[in-house]
Amino acid sequence: MAATPVIGVLALQGDVREHLVALAAADAVARPVRRPEELAEVDALVIPGGESTTISKLAVLFGLLEPLRERVRAGMPVYGTCAGLILLADKILDPRSGQETVGGIDMIVRRNAFGRQNESFEASVDVRGLGPVEGVFIRAPWVESVGAEVEVLAEHDGHIVAVRQGNVLATSFHPELTGDHRVHGLFVDMVRAKAAAGSR
Ligand code: GLN
């Protein structure tokens, strides 16, 4: 792999543009991914926030769900925010009918978990390895429980909101909306580390 990693943003629905900007700011080459051929050409992928049911249905329609599952299984680094976190969960507690996940993190998530009266809010979140990060939560899920292999990176109000398992990273909140690119930087570091390990 070239020195600068090429990171795709799954561009079926959701806040794609903000992730492209954040990744570029974190020294990656960022490009949208809509087709299996485009997925095959990236070193890593971001799954944006949006609506997890819609993204899952479009992924099936665009023939991307199986290729995505395969690449995640094969160790491609992936970062999911909000709806993206839901798609990376091995299990959804309250899926809509027909809602599929890509999987990759041994966790159970609860959609729209923070409740109606608290649909969107901002809070400072202490992320392991980064310190306080401004968390933008928009109808956000939380992680109900995790398996032994999952590293919990942050909690808010006693609920897990950032996790990592191997090359898969996920946050309930949206760092792409704040102009602070440290979480994307953390992901780009994961992608570089994976590439370095692979080329040894
Ligand atoms: N509530 C949405 C879902 O279930 C996620 C919201 C978001 O990505 N901001 O997919």
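Note: Cβ is positioned from N, Cα and C throughout, glycine not excepted.
Annotated L-glutamine binding in TrEMBL involves Gly50, Glu51, Ser52, Ile138, Arg139 plus, out of the candidates Arg17, Arg110, Arg111, Arg164, the residue Arg111. When the record's L-glutamine-binding residues Gly50, Glu51, Ser52, Arg111, Ile138, Arg139 are compared pairwise by CA position, the greatest distance found is 13 Å. Straight-line distance linking the Cα atoms of Cys82 (active site, nucleophile) and His174 (active site, charge relay system), rounded to a whole number, equals 7 Å.
Sitting within 8 Å of the Cβ centre of Gly50, Glu51, Ser52, Arg111, Ile138, Arg139, and not among those site residues for L-glutamine, are the Cβ atoms of Gly49, Cys82, Ala83, Ile86, Asn112, Ala140, Pro141.
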